[in-house]
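Notes follow once the structure below has been shown.
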């Protein structure tokens with residue numbers, strides 16, 4: 001028999017003054033709306049415009065979808081916690097939130113890796129790009145980005161469900177992250193901790209090293225571009241991509257690669273905000289809205305909407 005007496009978890013949220021709760025709520029609400037709007041625009045544009053049905057924009061559309069799922073899984077509940085000075089989630093609701101957080105977050109890591117590989121082929125091997133990045137490879141890369149992590153995370157959820165939770169039930173965070181959940185368990189969690197450590201190497205560290213390597217190769221290729229304007233344009237785009245990727249992965253590494261006792265809960269929350277709230281907002285701007293083809297498609301969409309309104 002399991003000794004689980006905890007039926008719900010209390011999420012503490014942010015320890016801020018009561019006068020700051022409303023401004024904090026409005027700030028995160030605006031960021032969330034911008035994130036949804038920006039990523040939805042990218043998905044619609046890629047779906048509607050045929051000239052965007054190429055690997056780079058298909059991967060961008062999937063990244064936008066993962067950003068929407070990622071933030072929507074956490075931010076609405078986080079907003080209610082801010083206004084309510086804390087909030088509760090049932091035991092199964094907490095596990096569900098963590099499942100979607102872990103699976104979609106891992107998918108985003110792999111999508112960023114796939115996108116860096118796509119840019120590497122396009123810049124470093126342009127003559128062979130269409131042959132290598134064919135429709136079959138695109139589908140395989142997308143399936144491998146979404147499906148395996150969902151299955152692996154489900155196994156982790158099953159392992160967590162077998163743990164005993166005897167109380168207390170207070171999680172000092174704004175969502176159900178793994179480490180706070182394991183700290184509340186009165187069972188041996190070493191198996192799950194070892195599994196998470198091994199998964200982090202494959203999901204976070206190795207993809208990050210691969211991305212850094214590919215962008216290093218890309219930068220070397222950019223240096224050999226004869227046109228100064230071409231070098232500046234390509235380097236500007238790639239450098240902004242690399243900044244966003246480094247922010248996302250380095251915060252993940254500091255949160256999950258460093259033992260929880262090495263940093264405070266406030267520092268953990270701040271780092272979590274970087275990749276849960278801010279990065280999904282910046283992704284459409286950095287990866288898409290600065291792109292000439294996306295801007296052209298957006299202008300066409302605006303023109304079409306205006307024509308429909310006047311009809």
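Glycine too: its Cβ is placed from the backbone N, Cα and C atoms.
As recorded in TrEMBL, the features of this protein are as follows:
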- 38-287: domain 'G-protein coupled receptors family 1 profile' (DOMAIN)
- 24-50: transmembrane segment (TRANSMEM)
- 140-159: transmembrane segment (TRANSMEM)
- 204-223: transmembrane segment (TRANSMEM)
- 235-258: transmembrane segment (TRANSMEM)
- 270-289: transmembrane segment (TRANSMEM)
Across the domain 'G-protein coupled receptors family 1 profile' (38-287), what does the mean pLDDT come to, as a whole number? 88
By a Cβ-Cβ criterion of under 8 Å, what residues six or more beyond either terminus of the transmembrane segment (270-289) are in contact with it? 28, 31-32, 34-35, 38-39, 41-42, 57, 60, 63-64, 67-68, 70-71, 74-75, 105, 115, 173-175, 177, 240-241, 243-244, 247-248, 251-252, 254-255, 295, 298
Surrounding residues of the transmembrane segment (204-223) on its own chain - C-beta under 8 Å, 6+ positions past either end: 109-110, 112-113, 116-117, 119-120, 123-124, 231, 234-235, 238, 241-242, 245, 249-250, 252-253, 256-257
